[in-house]
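**Student:** So that we are looking at the same thing, I have put the structure below in structure tokens.
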């Protein structure tokens, strides 16, 4: 008796198309087109990590031995 592993399908994060995972050279994308569109979005800074703006009056690079840090 031979057991075959079931074919694993992944959803393309760009277009949503279902594609086989095992033999796809563009994984996790379904095609080179979706892969390049996603790369262009990264390079165009379409993806951003939300953050709080820096305090303009604060000294972000103060040394730990500064008197302000002594307690």
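Note that Cβ sites are derived from N, Cα and C of the backbone, with glycine treated the same way.
TrEMBL labels come from automatic prediction, so no person has curated them.
What TrEMBL records for this protein is below:
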BINDING   12, 15, 30, 34  Zn(2+) binding site
REGION    48-71  region 'Disordered'
COMPBIAS  62-71  compositional bias 'Basic and acidic residues'
**Student:** Output, ordered by sequence, the same-chain residues six or more apart from residue 30 (Zn(2+) binding site) with a CB under 8 Å from its CB, or 'none'.
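**Tutor:** Spatial neighbours, sequence-distant, of residue 30 (Zn(2+) binding site): 12, 14, 15, 17, 19, 24.
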**Student:** Which residue, of the binding-site residues 12, 15, 34, has its CB surrounded by the fewest other CB atoms within 10 A?
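**Tutor:** Each of the binding-site residues 12, 15, 34 was scored; lowest Cβ tally within 10 Å is 15.
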**Student:** Report the residues of the chain - excluding 12, 15, 30, 34 - with C-beta within 8 Å of the mean position of the site's C-beta atoms, for the recorded Zn(2+) site, in sequence order.
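**Tutor:** So the extra residues in range turn out to be 13, 14, 16, 17, 19, 29, 31, 33.
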